[in-house]
């Protein structure tokens with residue numbers, strides 16, 4: 001079963017519908033005692049980084065996430081949820097994240113290297129470029145996926161970068177280290193390429209459960 005972490009800022013409907021299409025059981029909750037029954041977790045999110053962290057802390061979901069990751073359960077952060085798994089964000093000054101991966105969220109540049117103007121927030125389809133092999137990407141292709149964001153991860157460890165896209169800068173699109181993963185785009189809104197990644201995440205969770 002997949003636990004979808006509800007902290008008041010997630011795109012819960014589209015993630016839930018995507019999991020229904022995959023055909024896996026799931027629970028959506030803001031209560032650790034309900035979520036801990038799950039085999040793996042999805043941390044969705046839209047909105048302000050600092051508000052999101054405040055909500056997680058208020059519900060003690062930050063502590064819960066750390067405990068589940070320490071126990072070896074899989075975590076997938078989506079969009080803002082991916083940014084939250086890193087150390088900090090420069091949005092509205094500075095805000096501390098969950099610190100599961102090294103790096104920080106910084107605002108996208110509004111000009112590319114040639115000085116051409118770019119729209120921020122970035123909303124649209126961009127092609128993935130894979131950098132490393134990973135079980136999460138084993139059934140996916142370097143197709144187009146759908147982004148909606150104003151911030152991207154900078155200063156991360158090269159070994160944690162699984163796939164990127166280009167939007168003025170190299171945007172980390174899929175990240176992963178041990179049992180912690182993130183997707184800056186919305187896999188649940190990204191057609192075949194996105195659903196392949198989401199489906200594989202659920203398969204990884206099922207395989208991990210069988211091994212126990």
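Note that Cβ sites are derived from N, Cα and C of the backbone, with glycine treated the same way.
The domain 'Glutamine amidotransferase type-1' annotation in Swiss-Prot covers 1-211, and the record cites sequence analysis as its basis. Residues annotated as active site, nucleophile in Swiss-Prot: 79. According to Swiss-Prot, the feature active site maps to 186, 188, an assignment based on sequence analysis.
Between the alpha carbons (Cα) of the residue listed as 'active site, nucleophile' and residue 186 (active site) lies a span of roughly 6 Å. Sequence-distant neighbours of residue 186 (active site) (same chain, six or more apart, CB under 8 Å from its CB) are 11, 14, 78, 79, 145, 146, 147, 148, 194, listed in sequence order. Cβ-based neighbour count (10 Å, all protein chains) for residue 79 (active site, nucleophile) stands at 26. Around residue 188 (active site), a 10 Å sphere centred on its CB holds 25 further CB atoms from the protein chains shown. According to DSSP, residue 186 (active site) sits in a coil region rather than a helix or strand. In this structure, residue 79 (active site, nucleophile) belongs to neither helix nor strand by DSSP; it is coil.
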